[in-house]
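S.K.: I am attaching a structure below and will ask some questions about it afterwards.
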Amino acid sequence: MATDTKDVKDVKDVKDETPADTRDALEVLESEAKEWEKDAEIDRILKAFRLDAYSVLGLKPGVTESDIKIAYRKKSLLIHPDKTKNPLAPEAFDRLKKAQTELMEEKHRKNLDEAIADARMLLIRENKWTVDSPELKTAEFEKKWQEKTKFVLIENEQRRRRQLKAQMQEEGREQRKADEEAEQRKRKRQHEEDWEKTRDQRIDSWRAFQKGKSGDSDKKKKKKLKPIG
């Protein structure tokens, strides 16, 4: 036990004996190495294909939720905007967070897994391979698979946007129709209210008309009377 204590003391003494300028240089090199690692990770994230959350997190399909959480925590701590001077850190951090959120969402992750699987099958069919073909185990296949995955994901995103646009247009038509019907009902109610408000006036006008008509009739009768004698 005493020997261990002595060894620790000797190491400490050696460190303390290291010239201050040498220690400063080592610290600078270590700091630069850490910054280089942060910059490299930020650059990797920003170059990763956005629609592929696995690619953004630097993961392969099929990983567990625990793997996703660990990868996100490690990378987010590395590139956090508060821990690096890189001006692109906020954008990279946002993309990393978005990718983690997408993979933790069951529906989104399922859709992504299906797209990746579709890309693999398309590649096999296009090249007339089978699932047992040796080509599937090569680095070249992995590269082609990534490219095909991008193609499938882009197509899926374009389809989603077209469907969303059509849905919005349909909702817009339905909304305009509803607005027009509401406006018609409003005008009808206003007409009925105006009609009701002038009811007494119309009755008075009718009575006056009838009275005037009756007066004219009496005058005509008087004109027809002949003098006696």
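Along the chain as shown, residues are numbered 1 onward.
Just so you know, glycine gets a Cβ as well, placed from its N, Cα and C.
TrEMBL: automatically predicted annotations, no manual curation.
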S.K.: Identify the region 'Disordered' range according to TrEMBL, selecting from 1-21, 64-84.
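M.R.: That would be 1-21, the stretch labelled region 'Disordered' in TrEMBL.
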S.K.: Could you tell me how many residues in the compositional bias 'Basic and acidic residues' (190-205) are helical, how many are strand and how many are coil under DSSP?
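M.R.: Within the compositional bias 'Basic and acidic residues' (190-205) the tally stands at 15 helix, 0 strand, 1 coil.
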S.K.: In the domain 'J' (52-116), how many residues does DSSP put in helix, strand and coil?
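M.R.: DSSP classes over the domain 'J' (52-116) add up to 50 helix, 0 strand, 15 coil.
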